[in-house]
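Enquirer: This is the structure I have questions about; it appears just below.
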Amino acid sequence: MKAKGNQKTKVNIVTLGCSKNLVDSENLLTQLRGNGIEAEHESKNDNSNVVVINTCGFIDNAKQESIDTILRYIDAKENGLIDKIYVSGCLSQRYKDDMEREMPQVDAFFGSNELPAILKKFRADYKHELVGERLLTTPSHYAYVKIAEGCDRPCSFCAIPVMRGKHVSTPMEDLVKQAKGMAAKGTKELILIAQDLTYYGLDIYKKRNLSDLLKNLSDVEGIDWIRLQYAYPSGFPLDVLDVMAERSNICKYIDMPLQHGSSDMLKLMRRGIDRPKTEDLIKTIRDKVPGIAFRTTMIIGHPGETEKDFDELCSFVEEQRFDRLGAFTYSHEEHTHSYSMEDTIPQEEKEERQATIMSIQEGISAELNEKKIGNTYKVLFDRKEGGYFIGRTEHDSPEVDNEVMVSAKDQYVRIGDFANVKINDAAEFDLFGEIVK
C-alpha cells in the first residue's frame, strides 16, 4: 500500500467478528462500488490507500483482535503506506470516546449502524436501489441475510443491545428483493441471521412474522436451501416449525443458543425460560420437524455457577443429545448486567468445564455420525482442499458444523453444486463418502 496525496481512492474493507459484521461490510462494499469508488474486501493487494476496519467488541478475545488490527494499520499509516483509517462496528460503538482519545491516528470512528455516515467520508450517497445487488464476500453459492439489527433481550452476559441498539426488523419486501438478486447471481443457500430471528416483525408488523418471511423467501426461484441461525428459545413462534415441515427448501436445521441446562443459571442469565420449559420446546421442535438437526451453544462459568449447576448442564447435554454444540467460557464484560456480579470462577476452571462439555459432545457427535454410515445425503460442495471435495448436508452451516469429505482422486464435483453422497465412514465431526447418481 503506497500513499500518494492525490492518488485515486482505493478502499480495503477489513472485517472482524461474526457473520452479521460480514453482511455490514458487504453492504458497504456494494454502496462504495455503486458510487464508482474502487473497493475490495480483505484485499491481498498493496494498492489500497484507505482502510475501513469493521470491528467486533463482543468478548475480550474479539476486542483484542480488533485493537491489534487497528494498531497494525496505524503503523502502516505512520510508515506512509496508507492515507486514511476509518474504524466502524461494535468496538467503536462501545468505546468510541476512549478510542478517539487513545488512537488519534484513526481519521474517524463510526458505530454499528452508520453506513450513510461512512459513505459521506467518500462523498458518496446511500443508494436504496442497491439493496437487491449486494456483493458477496462468501462463496457465491451461499449468502448470509441479516433480517434484523439489534436486540431487545435482557440477557445478563451480553452487551449486544449496547453495541447494536434496539431490535429493528428489515422490511420483508427488502429481504425478498435481496433474495431475488442473489438467486439471479447463482446463490443457492440463504442463511438467515439476526441477534434474535424469532423477534422478527414485532416492531414493524406488530407480530412475530418469521413464518411469513420464510414462506416468501421459500417462493424465490433458484433458492434451494434456507437456513435459520440464532433463534431464541423464549417466545419461539411455533408456526415456524409448520412452515419448516411443509417447505422442502427450508433446511431441517435450527441454531438455538440455549446457554445452560440449570434453571438457577438460566434465571441468573435472565433468559426468560427454565430447564423444563426448554426441554418441552426441544421435544416440540423435534416432534414437529422429524429429523431436524439442533445446534446450540452453552456458556461455561457465568458468575454464580456452582458445581451442582455444572453437573446439571452436563446431564442436560447428555440427555438431549444435540446434533451440534459449541461451548464458550464466560467473559466478564462491561455494560452488562452480570458485570456487577463477582467473576469468582478461575479461568482455568472455566476451561476445564468447557473441555468436559466438549468431550461429552464429541462422544454424542461420533455416535450420531456413526449412524449415518450407509445413508445417502444431498450435499452442497463449498471447496476443494487437501485432496478432498468438501461440502455440507442441510444439517450443517458453513464453518461451524460437520463437513462431508469426498476424495478428489477419482471423483469430481463442481464447487457450488449439489450432489448425492453415500456415507461410508465417519469421525466425530466429519463424514466421508462417495458421489452416487
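Placement of Cβ uses the backbone N, Cα and C atoms for every residue, glycine included.
Pulled from Swiss-Prot, these are the listed features:
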type	residues	note
DOMAIN	9-124	domain 'MTTase N-terminal'
BINDING	C18, C56, C90	[4Fe-4S] cluster 1 binding site
DOMAIN	137-367	domain 'Radical SAM core'
BINDING	C151, C155, C158	[4Fe-4S] cluster 2 binding site
DOMAIN	370-437	domain 'TRAM'
Enquirer: Quick one: give me the count of other CB atoms within 10 A of the CB of C155 ([4Fe-4S] cluster 2 binding site).
Expert: 21
Enquirer: Determine the most Cβ-crowded residue among the binding-site residues C18, C56, C90, C151, C158, using a 10 Å radius around each Cβ and all protein chains in the structure.
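Expert: Counting Cβ neighbours within 10 Å, the top one is C90.
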Enquirer: Fill in the CA-CA distance, C151 ([4Fe-4S] cluster 2 binding site) to C90 ([4Fe-4S] cluster 1 binding site), as an integer in Å.
Expert: 13
Enquirer: Taking DSSP as the reference, which of helix, strand or coil describes C151 ([4Fe-4S] cluster 2 binding site)?
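Expert: Looking at the DSSP assignment, C151 ([4Fe-4S] cluster 2 binding site) belongs to neither helix nor strand, so coil.
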Enquirer: Under the DSSP assignment, what numbers of helix, strand and coil residues are found in the domain 'TRAM' (370-437)?
Expert: 1 helix, 36 strand, 31 coil
Enquirer: Write out, in the order they occur in the sequence, the residues of the chain not among C18, C56, C90 that have a C-beta within 8 Å of the mean position of the C-beta atoms of the recorded [4Fe-4S] cluster 1 site.
Expert: L16, G17, K20, N21, T55, G57, F58, A62, G89, L91, M163
Enquirer: Averaged over the domain 'Radical SAM core' (137-367), what pLDDT does the prediction give?
Expert: 95
Enquirer: If one measures from the C-alpha of C18 ([4Fe-4S] cluster 1 binding site) to the C-alpha of C155 ([4Fe-4S] cluster 2 binding site), what distance in angstrom results, rounded to a whole number?
Expert: 19
Enquirer: In the domain 'MTTase N-terminal' (9-124), how many residues does DSSP assign to helix, to strand and to coil?
Expert: 55 helix, 24 strand, 37 coil
Enquirer: Measuring Cα to Cα, how far is C56 ([4Fe-4S] cluster 1 binding site) from C155 ([4Fe-4S] cluster 2 binding site) in Å?
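Expert: The Cα atom of C56 ([4Fe-4S] cluster 1 binding site) is 19 Å away from the Cα atom of C155 ([4Fe-4S] cluster 2 binding site).
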